[in-house]
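Scroll down for the structure; my scribbles are underneath it.
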């Protein structure tokens with residue numbers, strides 16, 4: 001079988017019938033359904049776009065919850081957060097709260113999670129005005145618990 005990796009956007013080339021797949025490998029459906037897929041394939045299936053094999057295997061993976069305060073609703077904050085998370089190769093989710101804040105969770109390599117925390121606390125979307133960023137429940141995870149980066153409603 002051919003194990004060359006072809007990275008595509010999940011919306012264009014689903015690997016399985018799930019919509020949150022990150023990549024396509026020729027013959028991957030048969031391999032994934034087989035009882036013992038090659039280790040490199042199963043590692044690739046759990047690795048977000050932009051994360052190298054070394055990062056997923058050797059880096060400390062973090063998960064952190066966040067809540068952002070200020071003028072952060074109605075200014076495309078969720079859309080920019082999702083875009084930035086995908087750029088950094090992170091997984092997670094983001095949503096508006098009924099209190100006028102934005103909350104979510106980010107998972108990935110420690111240095112990229114730290115970069116995302118900086119972005120969330122200081123930059124955000126172009127029209128946002130961030131007054132406070134709260135990061136809680138930061139923990140090390142063995143493997144990513146989420147896939148993709150999604151806006152929740």
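Along the chain as shown, residues are numbered 1 onward.
In case you wondered, yes, glycine gets a Cβ from its N, Cα and C as well.
Noted in TrEMBL for the protein shown:
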- 78: active site (ACT_SITE)
- 96: active site (ACT_SITE)
- 63-153: domain 'Acylphosphatase-like' (DOMAIN)
Exercise. Would you please pick out, from the active-site residues 78, 96, the one with the fewest other Cβ atoms within 10 Å of its Cβ?
Key: 96
Quiz item: With DSSP, how much of the domain 'Acylphosphatase-like' (63-153) is helix, how much strand and how much coil, in residues?
Solution: 24 helix, 39 strand, 28 coil
Quiz item: Which whole-number value in Å describes the distance between the Cα atoms of residue 78 (active site) and residue 96 (active site)?
Solution: 8
